[in-house]
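Worksheet for the structure shown next.
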Amino acid sequence: MTTPSSQVIHEETGLHIQVGLEGQDHNIEELTRLFDLLRPYSAEILLSRVEDLMNFVFHPSTVYFGVLSTVTKEPPPGTKSKSKAKSQTTPPTKKNKKQKGKAEAPSDVELVTVTRLVGFIYLTMDTRYATGVLDLAELDVGIVLFPTHRKKGHARRAMDFVLKHAFQHLKAHRVQAVLVDKDAPSRDRMIKLLTQQSFAYEGARRRALCSPVDRQWKDIEYLSILDTEYLVRHYHTPAPKSHWDELLSRHQSEREELLLWDEKQQSSRGGKFSSTKKKIRKVTSAETIVGAPSEDESAPDSVSCKASGLESDTRGHPPLGSPKIPRSPSPASTLSGSGWDMVSVASSSSSEESTFELETKGEGNTELIPGDPELMGVGGSL
């Protein structure tokens, strides 16, 4: 590994990262306990079929393993610092709050270096792919911290450091995080951390992994970030602050893709009318569709009066899988039981477009028009 054995990640908190287990003999027991806590929820550990920390660190798939710790200068135990003594006699002020947590030892007391184990972070590659130039094209990332060191920003700073190493030094094309079990206690915290790092949620594979720990099938979820996204993440769009913001942004993007797909489907129907597109405009108390398909080219997704449930007799529904295509309503037809009234139907054998104009009256029921972007809602869930 070309990375120096130990590097400072954050000066203020004293967060350090050390590559490998060199010099960690006194921490092996704690690291092993942390490894055992992570193992049931780490896809990389489960797929590598290892059961102990040492075998995982030296496994061929492990590209990077960093031990996280804080290194600070503190007075010896039992020595009361000046700042602590001052806080007991002086009411809290803005200046005191700013210096909170920074102990000042008496001038005649020598500070000692205190190292506290925080956790570890790793990068692995998928050994199922063919060896060669693209060995490091895709990397998996994982991190675990002791509960006492969470909610202090250590995970975010460590993830920043490792992503920089993956994209700039290892030249990875993609870094992904694979979360095992939607009921995992740390799932929500991990998704929030990755979302704030501009990871994109890609979806879930249901019961895709059989855990060797409890012999149960587990759902796995994927979040990833590409090298191009990493380069522009600070210059393009700010990363979502929460998983909810990311979900809304993703649904908006998927909705736009769905509308584009629907537009292509409408354009590809009808042979000589393939260039005719559905256009939607708003008018007062009415929704007008210009360029709707004619009776001969009615779309399969068009809704008839019976199929839409506007009539009380539901026996008029066409059977599932019926090849019969619903026909457009005739000029004399009326939508009964709803607030929609057919005003006019203009069609001509010589024209290539037909116009339907619908008008609503009073407080009546309304009918959704398939493909109308103003009426389509955002759906789906994680």
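Each Cβ is built from the backbone N, Cα and C atoms, and glycine gets one as well.
Per TrEMBL, compositional bias 'Low complexity' is recorded for 343-353. Annotated domain 'N-acetyltransferase' per TrEMBL: 116-185, in sequence order. Sequence annotations record features per position, and here TrEMBL assigns region 'Disordered' to 74-105, 289-382.
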Q. By DSSP, how many residues in the domain 'N-acetyltransferase' (116-185) are helix, how many strand, and how many coil?
A. 19 helix, 25 strand, 26 coil
Q) Looking only at the domain 'N-acetyltransferase' (116-185), what is the mean pLDDT? A) 88
